[in-house]
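Taken from Swiss-Prot as is:
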- Gly171, Asp172, Arg173, Gln174, Thr175, Gly176, Lys177, Thr178: ATP binding site (BINDING)
- Ser364: site 'Required for activity' (SITE)
Amino acid sequence: MSVKLKADEISSIIKERIENYNLSVDIEETGKVISVADGVANVYGLKNVMAGEMVEFETGEKGMALNLEESSVGIVVLGKSSSIKEGSSVKRLGKLLRVPVGDALIGRVVNALGEPIDAKGAIEATETRFIEEKAKGIMARKSVHEPLQTGIKAIDGLVPIGRGQRELIIGDRQTGKTTVAIDTIINQKGQDVICIYVAIGQKQSTVAQVVKKLEEYGAMDYTIVVNASASDAPALQYLAPYAGVTMGEYFRDNSRHALIIYDDLSKHAVAYREMSLILRRPPGREAYPGDVFYLHSRLLERASKLSDKLGAGSLTALPIIETQAGDVSAYIPTNVISITDGQIFLESDLFNSGIRPAINVGLSVSRVGGSAQIKAIKKVSGTLRLDLAQYRELQAFAQFASDLDESSRKQLERGQRMVEVLKQPPYSPLPVENQVIIIYAGSQGYLDDIPVSAVTKFEAELYPYIEAKYPEIFEQIRNKKALDKDIEEALSKALNEFKATFSAE
């Protein structure tokens with residue numbers, strides 16, 4: 001039996017096949033390594049590569065295109081460059097760097113690419129985000145108005161921090177900068193704030209100690225640690241803060257609150273300088289490249305308090321800068337001071353004289369935190385800054401003058417006690433209601449007849465006494481967030497009763 005084929009049927013089938021024919025050809029643009037040194041590869045042949053694009057070397061190492069020149073491309077290697085040789089092939093990946101974000105990262109230690117380095121298995125993240133994002137515009141933001149309590153009396157009373165603020169912690173080495181940051185993380189327990197600690201160029205042992213301390217206080221339950229240590233490639237140290245802020249933005253954009261600590265941006269700038277000089281970019285002041293200001297401004301501008309329309313989430317940044325011999329007028333410190341909303345200045349002289357945290361009250365300032373402070377602490381610490389400044393002035397004068405008048409002597413004695421009140425051991429942040437009570441006691445003269453050496457003992461015994469006899473004082477300050485007449489009367493009564501039973505010995 002013969003099958004008759006109609007010509008029009010055949011032509012329609014052929015036509016359909018031609019129309020549906022899908023020729024997908026994978027065109028991979030590859031290049032060759034001309035030279036490689038110090039974590040930077042010079043590559044020839046990647047004519048269409050974009051700035052910031054990811055590439056892959058034949059050894060499996062990833063890289064990022066940073067310098068686009070006429071005949072070659074400068075690529076920073078994200079990992080070990082020792083296996084890459086001259087003549088190795090490099091292929092474009094056609095994508096920008098992304099890092100995993102979300103709740104799966106909480107409690108983990110990751111590198112600058114978001115890969116786990118804590119031997120606790122893979123991270124099951126459901127979402128990734130670009131590492132470089134544009135900071136939110138003016139209309140997307142809201143002014144800072146909620147407090148972010150650090151648990152440190154000197155900070156919450158004198159240089160308060162609000163959610164969505166950028167507050168710089170600046171000081172010489174060994175002045176307790178990291179301790180202030182860790183105390184702040186520990187104090188966020190139960191506050192529904194996700195913390196991100198970014199370690200840049202630190203020793204592995206130092207980072208291990210920080211993680212151990214956070215675990216000890218149960219803070220790793222709400223903390224992500226991003227580590228690009230001193231032994232990592234400069235490119236990873238450069239990327240670590242951007243990876244951290246990307247993870248923080250996820251929580252901010254989902255109507256949650258996050259806190260990010262960059263420890264520290266001095267080493268970040270040094271890593272960027274190292275990369276830039278190897279890429280042969282022209283050096284500027286202190287051999288830093290011309291765009292080192294933009295390096296930090298685009299990072300810190302990503303911290304913000306979002307408007308109610310966008311969910312009212314917040315991302316607070318606490319960058320750390322290490323100064324050399326207290327020189328805050330160096331290039332990187334002045335840059336970051338001008339970008340942030342205030343600074344907490346730690347001094348080695350204060351630290352060595354036993355005043356810890358070693359905060360210089362005169363030089364420390366919070367430009368927007370005042371509007372975020374709760375009324376109670378604002379009331380009790382209102383004149384504290386002025387009193388301490390006058391005390392410091394009198395103290396300098398008293399070294400030369402032996403006969404002081406009665407009011408000056410009283411001011412000097414109260415100042416000594418207030419300095420004692422503001423001292424605090426590390427890793428012991430105080431709830432805000434406790435801070436209100438002790439600062440009130442100091443500023444209202446309840447400590448004037450207590451020996452200076454007994455102030456710490458007075459404070460340690462005061463809280464349990466009030467908790468046992470007048471628990472409503474704590475509760476009312478916590479709930480009302482203000483110090484009204486009734487609370488003040490009850491507090492005054494409690495302090496007088498406690499003083500009658502207190503023994504300085």
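Just so you know, glycine gets a Cβ as well, placed from its N, Cα and C.
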Exercise for the section: Could you check the recorded positions Gln174, Thr175, Thr178, Ser364 and say which one's CB has the fewest neighbouring CB atoms inside 10 Å? Expected result: Gln174
Fill in the blank from the handout: Under a three-state DSSP reduction, the secondary structure at Thr178 (ATP binding site) is helix
Exercise for the section: Show, in sequence order, which residues other than Gly171, Asp172, Arg173, Gln174, Thr175, Gly176, Lys177, Thr178 on the same chain lie with their Cβ within 8 Å of the centre of the Cβ atoms of the ATP site. Expected result: Glu322, Leu346, Ser348, Phe351, Ala358
Handout entry: Among Arg173, Lys177, which are binding-site residues, the residue with the most C-beta atoms within 10 angstroms of its C-beta
Key = Lys177
Practice task
Give the three-state DSSP assignment (helix, strand or coil) for Gly171 (ATP binding site).
Solution key: strand
Exercise for the section: Across all the protein chains here, work out how many other Cβ atoms are within 10 Å of the Cβ of Asp172 (ATP binding site). Expected result: 18
Completion exercise
Cβ neighbour count within 10 Å, max among the binding-site residues Gly171, Gly176, goes to Gly171
Handout entry: Between Ser364 (site 'Required for activity') and Thr178 (ATP binding site): CA-CA distance (Å)
Key = 17
Problem - Cα-to-Cα gap, Gly171 (ATP binding site) vs Ser364 (site 'Required for activity'), nearest whole Å - result: 11
Completion exercise
Quick note, Ser364 (site 'Required for activity') and Lys177 (ATP binding site): C-alpha atoms separated, nearest Å, by 13
